[in-house]
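This report concerns only the one structure given below.
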Amino acid sequence: MNYNIAVIAGDGIGPEIVREARKVLDAAGAKYGFTLHYTDLLMGGASIDVHGIPLTDETIEAARKSDAVLMGSIGGDAKTSPWYQLPPEKRPEAGLLKIRKSLNLFANVRPAYLYEELKGACPLKDEIIGDGFDMVIMRELTGGLYFGERKTVEENGEKKAIDTLTYSEGEIRRIAKRAFDIARKRRKKVTSVDKANVLDSSRLWRSVVEEVAKDYEDVTLEHMLVDNCAMQLVRDPKQFDVILTENMFGDILSDEASMVTGSIGMLSSASLNETKFGLYEPSHGSAPDIAGKDLANPIATILSAAMMLRYSLDLDEAADAIEAAVKQVLKDGFRTGDIMSEGCTQVGTAKMGDLIAERIR
Ligand code: NAD
């Protein structure tokens, strides 16, 4: 099988980590009988340098025509980079918001997985961690409070700010379906998080999620209030498989969940639309402080590439192999600087990519 992958290497460590992800993808392709054809696209600072803007219409179209987009990260050092002398709509990050919107990427998927070997980086107590946890936060990305009408008015000599939280049935249904589909490929449990004891939008959320659940009888659904979920994530994270939630709750809970795993260099993410199409990128930024020094941890990008195989290309076996190779490399004691601990062997970005690719072949 052949697939077309749009590649946005981006800025800072982006090109280094994407190079390693491609290395690993190609090793998986050779073993499992598929070929990825890559088209390199510019976005962020790299696009500003060539086109004067962070994202061109041609780039959006090329991305749209591909089977999936693999991204590194974009942006530079806000204090020193000339990109940040530009007005906000021309800065690197504007490209990211625009591509998400243009490609209708409404579902953000962020796994939070605790590796046995990296338990030391987890801030939770041993008795809570147990034999680790493995969950996915599914956050609605293009609706809710962040996209509702907002204004600041003056009433009786006092300023008053208004933000509007709206969700339509359709917006809820499409993300709920995505969450159930993903749960089906995992431990078959969805925890839908809302504030249905207070908010109308949450009550609608709950009823639409229940409706969608009827088509997924093999998946268990539970509802949880957001304040309780914030507590449960640090009290007993093992109970979660897929957490499904709206935009603002997801923004907060996904950061909380990723913090309990301990390392930013390990966290993958995907942004999906209604079809199989998605944009896959690490959760971290472009780390300009370590760019070009062979210091970056490429694992978050490599795991994002594995998600791309699983969710956009249905190559589950190859995705499993990449995830297993990452685990094996950690078990064999290899670490990049950010996850280094005593008794392990420190390696650079390229070597880490080589070691993971070797364990796939
Ligand atoms: P950052 O995630 O780039 O870096 C935070 C810290 O973590 C730094 O010390 C960095 O060296 C380290 N780090 C990050 N990724 C690492 C990796 N793979 N291996 C080892 N260490 C790693 O966040 P920041 O410094 O706040 O932002 C830098 C730039 O990235 C900014 O321009 C910001 O706007 C941009 N950014 C982009 C995205 C994206 O492309 N989606 C996301 C977040 C931030």
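Cβ atoms are placed via backbone N, Cα and C, with glycine included.
TrEMBL: automatically predicted annotations, no manual curation.
Database features (TrEMBL):
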BINDING   ASP227, ASP251, ASP255  Mg(2+) binding site
BINDING   GLY285, SER286, ALA287, PRO288, ASP289, ILE290, ALA291, GLY292, LYS293, ASP294, LEU295, ALA296, ASN297  NAD(+) binding site
DOMAIN    4-356  domain 'Isopropylmalate dehydrogenase-like'
SITE      TYR146  site 'Important for catalysis'
SITE      LYS195  site 'Important for catalysis'
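Shown here: features listed in TrEMBL, placed on the structure.
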residue : record                         : Cβ neighbours (10 Å)
TYR146  : site 'Important for catalysis' : 15
LYS195  : site 'Important for catalysis' : 17
ASP227  : Mg(2+) binding site            : 12
ASP251  : Mg(2+) binding site            : 18
ASP255  : Mg(2+) binding site            : 13
GLY285  : NAD(+) binding site            : 17
ALA291  : NAD(+) binding site            : 18
LYS293  : NAD(+) binding site            : 13
LEU295  : NAD(+) binding site            : 17
ASN297  : NAD(+) binding site            : 28
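Selection of the recorded positions TYR146, ASP289, LYS293 by a Cβ distance under 6 Å from ligand 1 yields, in sequence order, ASP289. Taking only the Cα positions, the spacing between ALA287 (NAD(+) binding site) and ASP255 (Mg(2+) binding site) is 18 angstrom. Remark: ASP289 (NAD(+) binding site) has ASP77 as non-local neighbours, by Cβ distance under 8 Å and separation of at least 6 in sequence. On the 0 to 100 pLDDT scale, the model's mean across the domain 'Isopropylmalate dehydrogenase-like' (4-356) is 95.
The Cβ neighbour count for ALA287 (NAD(+) binding site), using a 10 Å radius and every protein chain shown, is 24.
DSSP gives ASP255 (Mg(2+) binding site) a helix state. When the Cα of LYS195 (site 'Important for catalysis') is compared against those of the binding-site residues ASP251, ALA291, LYS293, LEU295, the shortest separation belongs to ASP251. DSSP gives ASN297 (NAD(+) binding site) a coil state; it is part of no helix or strand. Between TYR146 (site 'Important for catalysis') and ASP251 (Mg(2+) binding site), the C-alpha separation comes to 10 Å.
Note: the Mg(2+) site is recorded as ASP227, ASP251, ASP255; in the same chain, VAL226, ALA230, MET248, PHE249, GLY250, ILE252, LEU253, SER254, GLU256 also have Cβ atoms within 8 Å of that site's Cβ centroid. Across the fold, the C-alpha of LEU295 (NAD(+) binding site) and the C-alpha of ASP251 (Mg(2+) binding site) stand 28 Å from each other. The two recorded residues, ALA291 (NAD(+) binding site) and ASP251 (Mg(2+) binding site), have Cα atoms 27 Å apart. A helical conformation is recorded for ASP289 (NAD(+) binding site) in the three-state DSSP classification. In the three-state DSSP classification, LYS195 (site 'Important for catalysis') falls within coil.
If you measure from the Cα atom of ASP251 (Mg(2+) binding site) to that of GLY285 (NAD(+) binding site), you get 16 Å.
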